[in-house]
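Novice: I'd like to ask some things about the structure below.
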Amino acid sequence: MPREITVCFIGNPNCGKTTLFNAYTGANLKVANWPGVTVERMEGAIQDHDMKIHLVDLPGTYSLTSYTMEEQVSRQFILSDQVDVIIDVVDASSLERSLYLTLQLLELNKPMVLALNMMDIIEKRGMEIDLHRLSELLGIPVVPVTARKKQGIHTLMHAACHQEEGQNSQVNHRPQAIQGEVIKRYAMEYDYNLESKISKIQSELVHKDPHILNPRWVAIKLLENDKEIKEKYSFDITELIDGDEDTRIINQKYDYIQAIIHEVLLGKKSKDELTDKIDRVVTHPVFGLLFFLLIMLLVFGLTFLLGDMLKGYVETFVDWMIQICTSGMETLHVSDWLIDLVTNGIIGGVGGILTFLPNIAILFLALAFLEDSGYMARVAYVMNDIMEHLGLSGRSFIPMVLGFGCTVPALMASRALESDKDRHRVMLVTPFFSCSAKLPVYILFSGLFFGEYATLAAYSMYIIGILVALIVAWLLHLKDKGKDINPLLIELPLYKMPSAYTIFIYVWDKVKDFLTKAGTTIFIASIIVWILMHVGFNGYTSDISTSFAAAIGNAIVPVMTPIGLGFWQICVALLAGLSAKEVVVSSTAVLFGISNINGIAGMQTLHTTLSSMGFTALNAYCLLLFCLLYVPCVASLGTIRKESGSIRYMFITMIFQILLAWVICFVVYQTGSIFLH
């Protein structure tokens, strides 16, 4: 029977830890939640000869002093007896910052390997790291890797397995001769005063519980006044405390790190790197914000331009599918209602959404490029001052920016915030950021009514969404004026040319999600809308005005008329859009009987029909605004319920967003009507 071990990956955010984890697991990945919290648990397994290796990717953390849910998860798992080997992933280009966590991990005295990632960046800088000397000083194997190129990964896992077997896990406690006698021995020894206190506390801990795990680490944490550790191991150490132990421990750790850096880092860093030059512009308080707006305008311009060039191929495929299905069913003498259901209901609804696939793919391609290049971290940095004036930590903008892709992971990212109040505020306003699901609605209706200004009309939705989110956050802050705000601590990674493979995997995952949604949620919604259109109180009907859909829509019309959306078909489409925002488009296609709604002929037909109903550019803009601001999809609501732990808060969010959307659309429509008339 093969032996089984558990290897966990831990490291700072943006150190390449997850890239390294994915290099081993590939598609053999299991995603679940850690017990008791909503933080994702990333697991995988590989086989190495007669050994089965379970791999766990822990959330990124800067230290074992935990503040956020993700940091707490990493700490609890690393302290447990479930871990056989720790792989500490360190960014070689930021060695000084990364080694702080390494020193904390070494104090646990567990089998451990240091994975020195991004060695290619060090080489490009003309620098070198003395790996042998670094290994000597830390007392553990040090393996150079380049995760995105999968270089060194086999050597790394081989070293981890050897550590578990105990072949290289012994700790060297002999004095280490380092210039200036800063470092006395490994594992790190503090000054005499601190060491005597640690020793006394450690002895007391072992006396009370002979089976205690990591007694030295616990003793150090008690001296650091760690709240969680103090609650768990409650005994009086007041007589040992002077009040500055935590500061002294931190300072001595950094002295240790400085000495290591002096010994192992060879060559000089260039004083004025490309990253520094670019950052002078993109992190500037004014120019940085303007640059971000310009970049987003460029992204959406390309999304429209390139998407329109490519959508013709999808349109041709959808038209071909309709022709094949129609002729096939007519040959088989299938009932007219079934032909209509398949062609106008299913293919018309699902196919209409599929024609937006090129736009969606291009949007995610651009977002992946910006994220992988290191730019998006700068956006959060630039927004920090604005967020603090609104009463939120600058860290709050990170989940909001993720909302441009999909609201669900953006809401889940709020768990990285330290304050529950911040988390709730961010969950309330994040849906105002335009997710990719709203893009088909923007493309369709801006293309129908705004002609050459279609890109600007759609782009304005993104800007308005950001402004509304920030204003709402500010209003919520007014009643808590003067409360402490957690400062932003964020790493600005080096700019790099994004990996084509990484971007491909990211875009492919998003495209798969989109296709899955088209084949499930949108498919089912299209059938339901078609049935509601063709069934009334007296059974099957060919007169749509007597259908259940018309009855439902007409019941909502009085409420929607003051905001310019008093058309029963539009009301039904918006109601159906609660399942997924793309369904607004597929439902519109089904409700107006258009098989290829994003094609030239389909758009002309829809424009003519809507115009004859009195639907103008002002109505279209209000529709875009309402789609931007009203309740997010069912999946997002479920995430709000799960992340907040309160179904009440989910309903408060729903009611607030519907009312806000209605009020803003009312102001825009009524004001616009006055000026236009």
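Each residue, glycine too, has its Cβ placed from N, Cα and C.
Because TrEMBL annotations are produced automatically, they should be read as predictions rather than curated entries.
According to TrEMBL, the record shows the following:
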type: BINDING; residues: 11-18, 36-40, 57-60, 117-120; note: GTP binding site
type: BINDING; residues: ASN22; note: Mg(2+) 1 binding site
type: BINDING; residues: ALA23, THR25, GLY26; note: Mg(2+) 2 binding site
type: DOMAIN; residues: 4-166; note: domain 'FeoB-type G'
type: TRANSMEM; residues: 286-306; note: transmembrane segment
type: TRANSMEM; residues: 346-370; note: transmembrane segment
type: TRANSMEM; residues: 390-414; note: transmembrane segment
type: TRANSMEM; residues: 426-450; note: transmembrane segment
type: TRANSMEM; residues: 456-476; note: transmembrane segment
type: TRANSMEM; residues: 488-508; note: transmembrane segment
type: TRANSMEM; residues: 514-536; note: transmembrane segment
type: TRANSMEM; residues: 548-576; note: transmembrane segment
type: TRANSMEM; residues: 618-637; note: transmembrane segment
type: TRANSMEM; residues: 649-669; note: transmembrane segment
Novice: Can you give me the same-chain residues 6 or more apart in sequence from GLY11 (GTP binding site) with a CB-CB distance under 8 Å?
Specialist: LYS17, GLY60, ASP88, VAL89, VAL90, ASP91, SER98, LEU101, ALA115
Novice: Is it true that the transmembrane segment (514-536) and the transmembrane segment (346-370) have 3 or more CB pairs under 8 Å, sequence gap of 6 or more?
Specialist: yes
Novice: DSSP on ASN22 (Mg(2+) 1 binding site), three-state: which is it?
Specialist: helix
Novice: Within 10 Å of each Cβ, count the other Cβ atoms and name the one among the binding-site residues ALA23, MET118 with the highest count.
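Specialist: Buried the deepest by this measure is MET118.
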Novice: Where does LYS17 (GTP binding site) sit in the DSSP three-state scheme?
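Specialist: In three-state terms, LYS17 (GTP binding site) counts as helix.
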Novice: Using DSSP with the three-state reduction, classify GLY11 (GTP binding site) as helix, strand or coil.
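Specialist: DSSP call for GLY11 (GTP binding site): strand.
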Novice: Mean pLDDT for the domain 'FeoB-type G' (4-166), rounded to an integer?
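Specialist: On average, pLDDT over the domain 'FeoB-type G' (4-166) sits at 82.
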Novice: Against which stretches of its own chain does the transmembrane segment (618-637) lie, if we need a Cβ under 8 Å and a gap of at least six residues from its ends?
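Specialist: For the transmembrane segment (618-637), the sequence-distant neighbours (Cβ-Cβ under 8 Å, at least 6 residues beyond its ends) are 407-408, 411, 431-432, 434-435, 437-438, 441-442, 445-446, 448-450, 457-458, 461, 464-465, 468, 563-565, 570, 574, 577-581, 584, 650, 653-654, 657-658, 660-662, 664-665, 668-669, 672-673, 676.
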Novice: Going by Cα-Cα distance, pick out whichever of the binding-site residues ASN14, PRO59, MET118 is nearest to THR25 (Mg(2+) 2 binding site).
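Specialist: Checked the binding-site residues ASN14, PRO59, MET118; minimum Cα distance to THR25 (Mg(2+) 2 binding site) goes to PRO59.
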Novice: Suppose we draw a 10 Å sphere around the Cβ of ASN14 (GTP binding site). How many other Cβ atoms does it contain, all chains included?
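Specialist: Neighbour count, Cβ to Cβ under the 10 Å cut-off: 18.
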Novice: Name the secondary structure element type, per DSSP in three states, that contains PRO59 (GTP binding site).
Specialist: coil
Novice: Mind giving me a neighbour count for GLY26 (Mg(2+) 2 binding site)? Other Cβ atoms within 10 Å of its Cβ, every protein chain shown.
Specialist: 10
Novice: Six or more residues beyond either end and a Cβ under 8 Å away: which residues meet both conditions relative to the transmembrane segment (286-306)?
Specialist: 358-359, 362-363, 366-367, 370, 375, 378-379, 381-383, 439, 443, 454-455, 458-459, 462-463
